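Contents: one structure, followed by commentary.
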């Protein structure tokens, strides 16, 4: 293998990650570029899947709260259940609905952790590919990030609701 850790534009006789990923033809290199592009698109898919799963479990929790609170009578002045109004104090009398903290169940957290682990692993794999400093591979990483975010980052924003998800999202420790 022609293994360089300096900026290069090598195509044939390159190796990536292991000796078994030995590029022996231009077609094989083109396939590697497409594979890298799809890998980065899958990273964006995993990021979106994690956000959507979080929204899903929060929505489930909210529905269970609504179902529980519909059993108690609602105050006509505030729109808050009388039991919630009594426990929340003066803030609920000013049309502020009391907020409750939500902690996922063990199974929900296991799914969240699995999605995070997959996202983390793919991000590190992409980082290792970038560290070969092959210009074509790096361009494919950038194109994959563009296409992946275009496809999976297309969301609606809450205008006037105190910000958007994009401004409040967490960043992974490395590469993402």
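The backbone N, Cα and C atoms fix where each Cβ goes, glycine too.
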- Match it up for me: which of 28-46, 47-65 does TrEMBL list as transmembrane segment? 28-46
- Note on the structure: The residue range that TrEMBL labels transmembrane segment, out of 136-154, 155-173, is 136-154
- Do any residues of this chain, six or more beyond the ends of the transmembrane segment (136-154), have a C-beta under 8 angstroms from a C-beta of it, and if so which? 9, 11, 16, 29, 32-34, 36-45, 47-48, 126, 129-130, 166
- Note on the structure: Beyond a gap of at least 6 residues from its ends, the CB atoms lying under 8 Å from the transmembrane segment (28-46) belong to 11-12, 14, 16, 21, 115, 118-119, 122-123, 125-126, 129, 136-137, 140-141, 143-145, 147-149, 151-153, 176
